[in-house]
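Asker: Quick one: the structure is below, questions incoming.
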Amino acid sequence: MKTNNTFLSYFVCGFLLMGVGLGQNQTSEIKVGVVLDLNTTFSKICLTSIKMAVSDFYADHPNYLTRLTLHVRDSMEDTVQASAAALDLIKTEQVSAIIGPINSMQADFMIKLANKTQVPTITFSATSPLLTSIKSPYFVRATIDDSSQVRAIASIFKFFRWRRVVAIYVDNEFGEGFMPFLFDALQDVEVKRSVIPPEAIDDEIQKELRKLMERQARVFVVHMESSLALRVFQIARDIGMMEEGYVWLMTNGMTHMMRHINNGRSLNTIEGVLGVRSHVPKSKELGDFRLRWKRTFEKENPSMRDDLNVFALWAYDSITALAKAVEKANTKSLWYDNGSTLSKNRTDLGNVGVSLYGPSLQKAFSEVRFNGLAGEFKLIDGQLQSPKFEIINFVGNEERIIGFWTPRDGLMDATSSNKKTLGPVIWPGKSKIVPKGWEIPGKKLRVGVPMKKGFFDFVKVTINPITNKKTPTGYAIEIFEAALKELPYLVIPEYVSFESPNNYNNLVYQVYDKTWDAVVGDITITANRSLYADFTLPFTESGVSMMVPVRDNENKDTWVFLEPWSLELWVTTGCFFVFIGFVVWLFEHRVNTDFRGPPQYQIGTSLWFSFSTMVFAHRENVVSNLARFVVVVWCFVVLVLTQSYTASLTSFLTVQSLQPTVTNVNDLIKNRDCVGYQGGAFVKDILLGLGFHEDQLKPFDSAKDADDLLSKGKSKGIAAAFDEVAYLKAILSQSCSKYVMVEPTFKTGGFGFAFPKNSPLTGEFSRAILNLTQNNVTQQIEDRWFPKKNDCPDPMTALSSNRLNLSSFLGLFLIAGTAISFSLLVFVALFLYEHRHTLGDDSEDSLWRKLKFLFKIFDEKDMNSHTFKNSAIHNISSPMTHKTPSPSTVQITPWPQSPSQNREFELRRVSFSPSEERFTTQPIIHHEDGESDIECRVEQ
């Protein structure tokens, strides 16, 4: 009995151990729901990839303890049915994750359901950016968000310099979610909208496209489902919108899917179209998978022939990532709470359960990283990232890659990553010329041009007598045609003349009633005219001013020569002349006989020397170094002063010749003088507003008429002419000596071109005018039409001349004064040092007597000077020891009798002419101190 019990015990233990071993080798089943539109080719392609992903993954990982089991539901291409299918999977199958939805419209409710039940919902094809705004950690986008491509699109626009675009999009969540991001990326581009309903019939699409043909836009960005986009392109081709000059650009999803619609035959419809699509790197694994997928798909769907698309690759990678995540996540909580068992109604939202496995699965899924078939699988904030986009050009049945775009490098050539450019493009109509992006409907722009009676330099219409063709020329026309060349698109103008030149208001109004597409000429921008048309930026100087004759000043102002300098400058200069004469006398009178003699003689000589430097005519020689230094400094000052005075005097004489006869408008009104204005201009309204009477106003039609009226004077003609500054400058450029333009200037808008309200051409032409102005083209055109005479001074500059005042030369006088003062100090110091014994002797004389004696010494000759030493030697050696002049060349002139009978005489040579020498005698003066002056002067 004991033996039987022992055997039974061993048998039970062995059975239990076998059960434990078998339990360790069992795998956990993870239910995964799949919601697809099973009747569509797109969903069948993706479902094949999903099934192959499960099979391939576990074939490569046989030891994994988890297994995905797929539960597929058909959404029947209906948003409500897709939501019902997801709810059924959660309530009846208690799935741990859902693959779907297939499009963005089905996603809204499914995301909210996933958030409530904590069931991760993974989409590989819903790309609308609006889904990101639904904050749910359980929604994972394993595909590219449409907003990630807008920067690549913006780079294309910048590269081709397109400034206008029409965004054609489908009227649902898929289309509307993309538009805000496109608008933000194209901030420098004007974006217009065109909405196509998802159920639109061909007639509705054609009607919308014909509206776009009537606009000026020729660049279109298309964002909609591929099937609808194909119809749009087919209709666009039928009505002529796929011809030369048009630009079509498709977004990412459409570019990927166009080849798969209608079995690839759709590429002929979209020839010349550009596209942006996410880059899928080539690999051996991808090539092998394509072959296997094609065999599997044709086996499952024998009647279908299609190719693998990028969304099927993302579906494959999504399943691979999910399989990795469930293996990593904790599988101990693979159940729902009791909520799902409270009701058997599959659509009862109130009793839906909550997955306890969801949080750990969501966390594990967000951390998965690997290189999949579509590239790197890496989620950031629940979204797949695409670091690279391809720029595609559809040519024939080919998809040519013409470039790439990355966030770091921007656009790159497809053949070289170093080139920031794109490859050659074949545009619609098989054109190789880059479209400018805009075109005027009807091919030509009807431009109204006024037929003027004068001022033909601005606008002139010439009529060919044979062909009756009208050709406009002039400054305004050349500015307009130069601006045309700056536009990023082709505009062909058709000029039509306006036969009422005296009524520019009517001319502008005809832009409002669509008679003209634009008005070009000398059209002044006014507030009243801006009510009916939009104006470009002005291309001329703005303002209305007054032109008057200049005075006939044959007799100039008597004292005009004093005008260049101010009073303080005259006084300062005169004081410096006196000061310089005094300083030179101080330095020279002890060593230079030219500065000696009676007091009045010394004063006259000093002043003569100083003032003669004004014209550099001083003949006295200076012998002391200090005096020479002072003279050099002062001559420089005099040079600057005289040159400045000459220039200023010339300016003042010019100003006098340009003095206007009238300077005040109020004087004209008060004196009831007649004034002129250009007929048909708004200037008449300004003059009436200032207070002029109707009988004071006389119109003129041309510059010659204005000249005739002004020449007659105010008694028979006019006292002043009022007009736009541009007209007055044109007159002055040829008659600068007769007239002058004076203040005040009444501000106006200047000349501009008129376009219909809200016309995009207004902004384009304004930018073109700015470019012309910045590049100096406007000034060059103005110089050609209004050349200035070389001898014409600028009246505004001449009338603004100012006197030169002391502050203009304060630095110069400061330098000269400092140098002269320094010389004085040196001179005084040397003199005191030389006669220091006079002040420092031990005699009992008072300081006053010593100073008097010192001044007496200062007034005497400095016999120690080299000048007097040389003279003494010269007198001793002549004429005894030298050749005696012949009697015919020597004249002895007796000195007048004086009380002194012992006066000595010296023989003075008064001529060193080779043919004649004359000598004169001059007494030798004896001083009280026993010294004598011996003078030997050479006169020439």
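We number each residue from 1, going along the chain as drawn.
Here the Cβ of each residue, glycine as well, is placed from N, Cα and C on the backbone.
According to Swiss-Prot, the protein carries these features:
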SIGNAL    1-23  signal peptide
TOPO_DOM  24-566  topological domain 'Extracellular'
CARBOHYD  N25  N-linked glycosylation site
CARBOHYD  N39  N-linked glycosylation site
CARBOHYD  N115  N-linked glycosylation site
CARBOHYD  N338  N-linked glycosylation site
CARBOHYD  N345  N-linked glycosylation site
CARBOHYD  N528  N-linked glycosylation site
TRANSMEM  567-587  transmembrane segment
TOPO_DOM  588-596  topological domain 'Cytoplasmic'
TRANSMEM  597-617  transmembrane segment
TOPO_DOM  618-628  topological domain 'Cytoplasmic'
TRANSMEM  629-649  transmembrane segment
TOPO_DOM  650-811  topological domain 'Extracellular'
CARBOHYD  N771  N-linked glycosylation site
CARBOHYD  N776  N-linked glycosylation site
CARBOHYD  N805  N-linked glycosylation site
TRANSMEM  812-832  transmembrane segment
TOPO_DOM  833-940  topological domain 'Cytoplasmic'
REGION    876-900  region 'Disordered'
REGION    914-940  region 'Disordered'
Asker: On a C-alpha basis, identify the one among N39, N115, N528, N805 that is nearest to N776 (N-linked glycosylation site); the candidates are the glycosylation sites.
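Answerer: Nearest candidate: N528.
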Asker: Spatially speaking, which of the glycosylation sites N115, N528, N771, N805 is closest to N39 (N-linked glycosylation site)? Use C-alpha to C-alpha, please.
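Answerer: Looking at Cα distances from N39 (N-linked glycosylation site), the smallest one goes to N115.
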Asker: Could you state the whole-number distance in Å separating the C-alpha atoms of N805 (N-linked glycosylation site) and N771 (N-linked glycosylation site)?
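Answerer: Roughly 43 Å, rounded to the nearest whole number.
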Asker: Round to a whole number and give the Cα-to-Cα distance in Å for the pair N115 (N-linked glycosylation site) and N771 (N-linked glycosylation site).
Answerer: 56
Asker: I want to check the contact list for N528 (N-linked glycosylation site): same chain, sequence separation of six or more, C-beta distance under 8 angstroms. What comes out?
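Answerer: Expected: N505.
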Asker: Let me know the model's mean pLDDT on the topological domain 'Cytoplasmic' (833-940).
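Answerer: When the pLDDT values over the topological domain 'Cytoplasmic' (833-940) are averaged, the result is 51.
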Asker: Counting only residues 6+ away in sequence within the same chain, which have a CB under 8 Å from the CB of N771 (N-linked glycosylation site)?
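Answerer: Those within reach of N771 (N-linked glycosylation site), by Cβ under 8 Å and sequence separation of 6 or more, are E486.
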Asker: By the DSSP assignment reduced to helix, strand and coil, which category contains N115 (N-linked glycosylation site)?
Answerer: helix
Asker: Indicate whether N776 (N-linked glycosylation site) is helix, strand or coil by DSSP.
Answerer: coil
Asker: At a 10 A cut-off on CB-CB distances, which of the glycosylation sites N115, N776, N805 has the highest count?
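Answerer: The residue with the most neighbouring Cβ atoms within 10 Å is N115.
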Asker: Tally every other Cβ atom lying within 10 Å of the Cβ atom of N39 (N-linked glycosylation site).
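Answerer: So the Cβ neighbour count for N39 (N-linked glycosylation site) comes to 11.
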Asker: On the three-state reduction of DSSP, what should I expect for N528 (N-linked glycosylation site)?
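Answerer: Coil, per DSSP.
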Asker: In three-state terms from DSSP, label N805 (N-linked glycosylation site) for me.
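Answerer: It is coil.
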Asker: Where does N39 (N-linked glycosylation site) sit in DSSP terms: helix, strand, or coil?
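Answerer: The residue in question, N39 (N-linked glycosylation site), is coil (DSSP, three-state).
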